[in-house]
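Engineer: One structure, as structure tokens, below. Some questions next.
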């Protein structure tokens, strides 16, 4: 181990309540929601910008994958649209390219995500929302987001296996896991002595 490098020891952490459902027993706490970046969002290289919006709001990404969606999965996802005249065009659009499926977790994340995404019709979507900023047409509206706790539970279980959802804790200043030069770290934090700990790379 390089004696010129030190890292901050992990702080003692309090136990956190965990749940694999889309909501806990307390309304609005520890909700999870499904967000899918549709083929036009992927093809226009908007993935990073969309993820950034959610991270800036403080939500936690617990599931992420890029998939070429099958018509079978879409038939379950859009079961309420089967009898609509535009359903075939929805299938054609959603299978025209890869989709990035995500599960976000946070306080009132379902309602907040719907507000962040914006109106289905981009002509009515407020600037600053994802659809208001990026969407071009109502049939090419960039993203999908669950609209209720019940729908979120159904959609998350449809798009993700339990093993694909990762529960993790964000690192703070006292939980630094990166090796940095000792003198720079001590100068920045005003620390005179730090405990050496191995880091798994």
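Using N, Cα and C of the backbone, Cβ positions are placed for all residues, glycine too.
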Engineer: Which residue of 30, 38 does TrEMBL report at the same ATP site as 86, 114, 120, 131, 141?
Structural biologist: 38
Engineer: Could you measure between residue 131 (ATP binding site) and residue 144 (active site, pros-phosphohistidine intermediate) for me? Cα positions, answer in whole angstrom.
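Structural biologist: Between the alpha carbons of residue 131 (ATP binding site) and residue 144 (active site, pros-phosphohistidine intermediate) there are 10 Å.
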Engineer: Record lists 38, 86, 114, 120, 131, 141 as binding ATP; longest Cα-Cα distance in Å?
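Structural biologist: Between the most distant Cα atoms of the ATP site, 23 Å.
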Engineer: Restricting attention to the domain 'Nucleoside diphosphate kinase-like' (30-167), give the mean pLDDT.
Structural biologist: 96
